[in-house]
Amino acid sequence: MKENKTICLVMIVRNESKVIERCLNCVKDHIDYWVIVDTGSDDNTPELIQNILKDIPGELHHRPWVNFGVNRTESLQLAKGKADYLLLCDADEQIIFSEQFDSSQLTKESYLVQYNGGNTYSVPYLISGKINWKYVGVTHEYLDSDEDYEREKITTISILDLKDGGFKQEKYDRDIKLLEQGLIDEPNNSRYKFYLANSYRDIENYEKAIEWYKKRIEDGGWIEEVTVSYENLGGCYDLLGDTQKALYYWLEGYDYNPKRMECLFNAIRLYRKQKKHRLAYQLCLIALNISYPEKDILFIKSSVYNYLIYYELSLCAYYVQDLKSGYESSKHVLLQEPYNDSIMKTVINNLYFYKEEAKNDKLYNVKELIKVISEFINRNADHEVSHIQTLDYLKSLV
């Protein structure tokens, strides 16, 4: 019988009194030790940590702030050897352990944990406590080691980033300063260019973001980072009102990496908004052949693959009189995302035009649609007449 592996929580914190209790309560039942480094709190964060974790052995250190790479590396050095595995976490995150998590099954040196939110990506948050790890970069740092290690994804742990921690105040200005200095020191650092572009985008300086996304694309290299650069570059032009350039870069991005859907999806949505429904429809058919990028780790927009591309098809299919695709895509959205009422309202409206296709569907699916639409109507007093008409028609088929 395999023994459970011990786990040590490793964090750096500063002024996290508003969120630290929530964070630690999520993990304290799963850890055997903790090493937390405070980098200059002037609130009661250290006292809260010691109180919440008082029943678990651990260490609270105080160190001056340098940058993320230096301070995170120092925390790993302090934690080395304290447990079989190190669990990494930021204070404004929640680590979610599923009931299936079993530490005795851990064998790899590094496990990629999935971030869930508007973007989905994976980060190495569960790592061997025996290896000399280091963080590379002044900010948006990445984990590495000079030693050999194997890495794989883990599905029994996930991360929810609530983006409300104290350490993210004035985050973008700080990151821009760190990244600009980083590029003075390392002018060929493509990662810095990518995250500098992101930081400028996040403060709505789209012209500067465009400049740096183009530089990142010119560098080539990691296909996922270049793909996201195309996606965000098109997005910046779209926000500036230059839809021609937005479409150009989104289509270039799809051509560069046809295994990712996000760029093509953005082009589809823009064409649909421009009432170019036939073109949007044809591109939808291409997009639906793109599988979810299971092996990718950077900024996957899961909602695009799961239901938003079907939402676009449900809007466009009517204009080419592809009623079957219109019905099937509407059904997919309603069953996949039954609590997004703003989208559901539109899709149920559209389903009115496709409803007769339900005659050819399985009875089980029709019953599921009846259930979802009924629940929507019950919780929305402002539902429309067409919603009732569609529901009544579906009920007549049962």
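Keep in mind that glycine also has a Cβ here, set from the backbone N, Cα and C atoms.
Marked as domain 'Glycosyltransferase 2-like' by TrEMBL: 9-95. Across all of the domain 'Glycosyltransferase 2-like' (9-95), the predicted model scores a mean pLDDT of 96.
Look at TrEMBL and you will find 227-260 tagged as repeat 'TPR'.
Look at the domain 'Glycosyltransferase 2-like' (9-95): DSSP puts its residues at 31 helix, 23 strand, 33 coil.
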